[in-house]
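Chemist: The feature active site is assigned by TrEMBL to 178, 296. If you look up TrEMBL, you'll see 226 marked as active site, proton donor. The feature domain 'FAD-binding PCMH-type' is assigned by TrEMBL to 36-197.
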Ligand SMILES: Cc1cc2nc3c(=O)[nH]c(=O)nc-3n(C[C@H](O)[C@H](O)[C@H](O)COP(=O)(O)OP(=O)(O)OC[C@H]3O[C@@H](n4cnc5c(N)ncnc54)[C@H](O)[C@@H]3O)c2cc1C
């Protein structure tokens with residue numbers, strides 16, 4: 001079904017505001033993503049609690065909307081977004097710890113959840129140390145390292161699907177490499193099941209992961225993490241390096257000299273520049289190695 005684009009009636013804006021939502025019009029998306037790229041969204045709505053979320057879903061059922069977390073794995077178009085970008089804030093940022101479980105809203109920062117685990121001597125989330133963004137984004141994309149994913153620590157996920165709230169146990173989700181099976185859902189809460197860190201090894205593991213990132217990732221220049229998924233048995237970063245593509249530029253976008261699978265915005269890059277580099281990499285890697293690359297970042301038009 002083609003959803004209505006770019007219009008919300010003024011009475012709906014009033015209703016949403018009265019429910020505590022923050023409604024912004026023509027909001028520059030470059031301010032809401034780690035790439036610092038993107039034109040205006042017709043509307044940008046911050047939803048602070050479950051009541052507002054379920055009302056929002058009822059009243060905008062015909063409108064086009066996109067669920068955003070921390071914006072650290074997305075590329076917005078230079079033309080922006082014709083519709084509504086939605087973000088979960090307020091209550092959705094809450095984190096509570098009970099014995100070996102952490103219950104959190106999907107808008108909580110992953111770094112805050114890791115901190116809560118650390119402070120409560122719980123282990124099991126160290127593989128996400130240094131990954132920016134929210135719990136919702138991380139669970140949606142099953143974030144992690146190549147071989148260790150956040151799903152290992154997930155117990156259950158609360159989602160909104162077709163206006164209904166459902167609690168889904170990990171076994172019933174569809175977790176895999178950078179996928180969760182929650183493609184048509186809004187993730188509202190997550191329960192992590194962790195272990196008591198009897199060996200007191202969590203700080204060592206976190207430090208090791210963070211150190212590796214500092215050495216291998218261009219953390220001082222805006223980017224959106226790995227651009228492509230790693231194909232079986234290959235590292236995209238290495239393939240890009242072997243193809244001689246590191247350092248190549250399009251406008252103000254550049255394939256990082258530090259990590260081939262990162263594209264950085266050196267200042268004022270456009271989405272079109274990034275897309276030019278993405279296409280160049282895809283073409284060259286196919287030509288040289290016969291491998292078709294799949295993007296990991298979400299390209300939002
Ligand atoms: C420097 C850097 C390093 C990174 N390193 C890693 C890494 O090591 N491993 C890794 O996996 N990723 C990495 N990333 C990518 C990114 O940080 C992760 O994918 C992160 O989990 C995305 O979370 P987010 O909240 O920013 O999601 P967003 O970028 O906002 O969204 C990503 C996707 O999740 C969906 N989504 C977000 N919230 C919800 C929700 N509540 N319900 C339903 N869908 C939702 C969005 O619709 C979108 O499709 C890195 C990024 C950067 C910038």
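Each residue, glycine too, has its Cβ placed from N, Cα and C.
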Chemist: Across the domain 'FAD-binding PCMH-type' (36-197), what does the pLDDT come to on average, as a whole number?
Modeler: 96
Chemist: May I ask which residues of the same chain, at least 6 positions away in sequence, place their Cβ under 8 angstroms from the Cβ of residue 226 (active site, proton donor)?
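Modeler: Residue 226 (active site, proton donor) has long-range Cβ partners 236, 237, 261, 262, 296, 297.
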Chemist: My understanding is the cutoff is Cβ-Cβ under 8 Å with a sequence separation of 6 or more in the same chain; which residues meet that for residue 178 (active site)?
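Modeler: Within the chain, residue 178 (active site) has Cβ neighbours under 8 Å at 141, 142, 143, 229, 296.
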